[in-house]
Each structure stands twice: as structure tokens, then as C-alpha cells.
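*Asks:* Feature list, courtesy of Swiss-Prot:
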type	residues	note
BINDING	ARG25, GLU82, LYS121, LYS456	(6S)-5-formyl-5,6,7,8-tetrahydrofolate binding site
BINDING	227-232, 246-252, 271-274	GTP binding site
BINDING	ASN227, THR246, ILE248, THR251	K(+) binding site
BINDING	SER231, THR252	Mg(2+) binding site
DOMAIN	217-379	domain 'TrmE-type G'
Amino acid sequence: MNYLKEDTIAALSTAAGKSAIAVIRLSGENSFQIIGKIFKTHSKPEQQVKHGYITDGIEKKDEVLCTFFKAPHTYTGENLVEIAAHGNPVIINEILNLLYKNGARPAGPGEFTYRAFLNDKMNLAEAEAVCALITSKTEMSAKAALNSLSGEFSSKIKNIRDAVTNLIASMEANLDHPDEDNMFLSRSEKLSRFDSCIKDVQNLLNSYKTGKILQYGIKVVIIGKPNAGKSSLLNAILGKNRAIVTDIAGTTTDTVEETIDCCGIPLIITDTAGIREHSENLIEILGQAKTREAVCKADILIWLFDSSSEPDCNDAKIADFLKKSDLNIPIICVLNKSDLPPLFSSSLLNRENKVKVKISAKTGVGIADLLDEIVKIAGVSESKNDYLMINTRHFILLQNTLESLIRTKQSLSAKDADEIACFEALSAQISLNEILGINVKQDILDTIFSTFCIGK
């Protein structure tokens, strides 16, 4: 990613397509000069928001409002202009082309936020939170991302980093002046403080699972024999007819995926083709192969049974498939068609020893109980509002930090190992700094910002 900081960049910052208003962002040292070439206004020079027209010098292209932000008090830390234009793609392209012709260049993915990072307007963890906030799927995930963007996660990292840095300084001073031991922290005090740092890191690591769930959602796959009511269950959960439902076995021949907000958790629910003992239909066979593929990617499995009939060879085949798959995920056994006389024998379920929920996809009875069970398994409480968005990069670096701190403590406990303890503590400090974006390799930065949308 070859982002030249000296360039002035421009891009559409609002969603593409027709809308009432679209915002074009222009950032860089020459932003004011470039916009001055195509923006004509009668507003007073001291006004920050100015009304006028975009023109190519011959004719007007649009009536707009331009907001001027002077460096360094801007999102990027540079001179920045936001053009509020009418949201017609034809007009937007004309304005962008005029900006490019007059000295700006198209911004790359996340380049505005990248410049904010380079200009110390935010650290790397906060920049990543910007992307997480934009892509949030639920209100709770947006709150978690905003908490991180507001600096709550960074503050915790800085506190641990500063504590480690102070301990390193004490250890280095101790090594330089071994005869003045009484002037520095005692060994027991150092061990106690490292213990505190370890606990703080462990608490953040424990937040990773929740952050991952809020950011990416939970994949819930519905599996069962043909006509168990899988598609009806999907429709009942969604509250609309998304999947085709008939009395003909094998109606669903492909996976159908939908996402819902369940108590703040994004649930990615997949309806699958039914698995049965014998099938000569090629399309159905291919559908069953996709079912097996979806099961292997699931976070939670809903195994659906028809409670109005006895378990048969198809149920047994699914049980055998799950056993051979050796899945290490929660499986919820759901007895569907509770509105009909029960004929289902629980012997198969007793052997499986899984959570059991009774529902009727037709009437909606038990659907809320099923969703409650999924939320319970996820372990995310909607009443909490202090969640943080900790991503995989942070998790790996926090793990590295934890391992380094544990080795530091072990070395401090041993005799004549102070230099090793100091080295390990420095490793922890480096990992913590990387989370904040200090001394991070360019290829890592390129990877992070390439996931952003253009215009942010």
C-alpha cells in the first residue's frame, strides 16, 4: 500500500448509491486550494460552513455546503474539507473528477483513518475500532466498538504498559547498581506488581470471546432429517417466510443463511438440506454435502427432530455423522411439532445427553426458549455495557504479553536471573506497544487498513 502522505486525497465518505445527501471528503495540505478552484461562494471568509456551487469554470455542477476544518484540529490532523452534495452518483462522480483534475488523488481504503493514526489523532487500537464500529451488526456490538474507539481499551493497555515500563526501569537500575539494593523496589514488591499486570492482561484476554461474538456473530446451523421442519424453524425465528416450506421431503437443496439481532448478539442462522439414509437425487446429494460443510463451520448446532414421529434411520444417520465429526461445539436438541400428538422416543436423545427444547415452528411456541438457550450458551449479557472490541491481533499480542510476564516472574523468583527477567519484561512491553501501533511493521499496517472502506 503506497500511501504518500504529501498527497491531497478525496473520496466519497457516505454510502454509494442514490440518497438525499452525500458527503465527499478532501484531506491534505492543499485541500483548501483545490476546493477553491471548483467551489464558488458568497459566504463570508470566516465562516466554517459555506454555501455555494461546484463548477467546472463553465457551468454549475451542484449546489453544496462545504465545511472547512483547519489542521491540526481535524479527523486526519490535516486541512480537511467535507462537501455535502446531492446524493446522485452522476453528480458525485463529476465532483470527484473535478477534484482529481485539480490536484487531488483518489483515497485508498481507510486512508483518512490511516492519516489520523500517522498524525497521532488516534492510536492503532482506536483506528481498528473505527472499522469495527462501521461494520457493527447490532446495537451492543456498536457500543463495544465505541467503547474501544473512546479509548477505554487503549487506556487499559497503556496502564499495563506503563506499569511494566516502571518495573523495567527499576530492574535496570538494580542491575546497574547492585550494591544499592535498598534504594529500589524489593524483589517481593516487583513480583507483586507483575502479578497485578498478569491479572489485568488475563482479564482482557477473557474479553476476547465476547468481542469476537459481537463483531462477527455466532454461526447457528440447523440440521435434521427431511421434513423435520428446519425451514419452518428458520422462518419462525426470522418472523418471515425466507425459506420455501412444503410437505415434500428434500425441498431444501441448498443452505439458506440469514442474520438476526438476538439480545444484541448477531446470530447467523443457516437452514440446511435434510440428511437421510438413501437418496439417488444428485441435487439432494450435493445439498447434503453442503450441509456437512456448514456443520463443520458452526459455532452452535440445532439438531431438529420431528416429535410427532418415532426416531428413524435418518435420525440415526445424523447421530452417526455427528459422532464421527467429533465436533467440539454446543448441540441443542430441539423437538419440533409440539402442536401434534407426541410419538417421539427420547432414548436417542438420552444417549446424546444434550440440551433439549420443545417447540412448534408452526405456532411459534418455544421459539423464545430456544433463542434464550442460544444466548445462554453465548455467555453475553445485554445488561452489560462495558464490553470492548478486542480483535484477533490484540488477542495474539496479549497472549504474547502474558507469556512474557509469566516468564519474567519466573526469572525474578530464581536467583541470578535478573537480566533474563528484564529481557522478558521488555518483550511484554514491545507487544503492548504493538497493540497501540508503536513500532509496527508497515505490512501489518497495510493489512489492517486494507479492510476499511474507501472514504473512511
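Glycine is treated like the rest: Cβ placed from N, Cα and C.
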*Asks:* Rounded to a whole angstrom, what is the C-alpha distance between SER231 (Mg(2+) binding site) and ALA273 (GTP binding site)?
*Replies:* 9
*Asks:* Comparing the binding-site residues ARG25, LYS121, LYS230, LYS456, which residue's C-beta has the most other C-beta atoms within 10 angstroms in this structure?
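*Replies:* The residue with the most neighbouring Cβ atoms within 10 Å is LYS230.
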*Asks:* Taking the Cβ of ASN227 (GTP binding site) as the centre, count every other Cβ atom within 10 Å, in any protein chain shown.
*Replies:* 22
*Asks:* If we count other C-beta atoms within 10 Å, could you say which of the binding-site residues GLU82, SER231, ALA273 has the fewest?
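*Replies:* Candidates: the binding-site residues GLU82, SER231, ALA273. Fewest Cβ atoms within 10 Å: GLU82.
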*Asks:* Quick one: which residues besides ARG25, GLU82, LYS121, LYS456 have a Cβ within 8 Å of the (6S)-5-formyl-5,6,7,8-tetrahydrofolate site's Cβ centroid, in sequence order?
*Replies:* SER13, SER27, THR74, TYR75, THR76, LEU80, PHE112, THR113, ALA116, GLY455
*Asks:* By CA-CA distance, flag whichever of ARG25, GLU82, LYS121, LYS456 among the binding-site residues is nearest to ALA273 (GTP binding site).
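*Replies:* Its closest listed neighbour, by Cα, is LYS456.
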*Asks:* Between the Cα atoms of GLU82 ((6S)-5-formyl-5,6,7,8-tetrahydrofolate binding site) and LYS230 (GTP binding site), what distance do you get, rounded to the nearest Å?
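*Replies:* Answer for this pair: 49 Å between alpha carbons.
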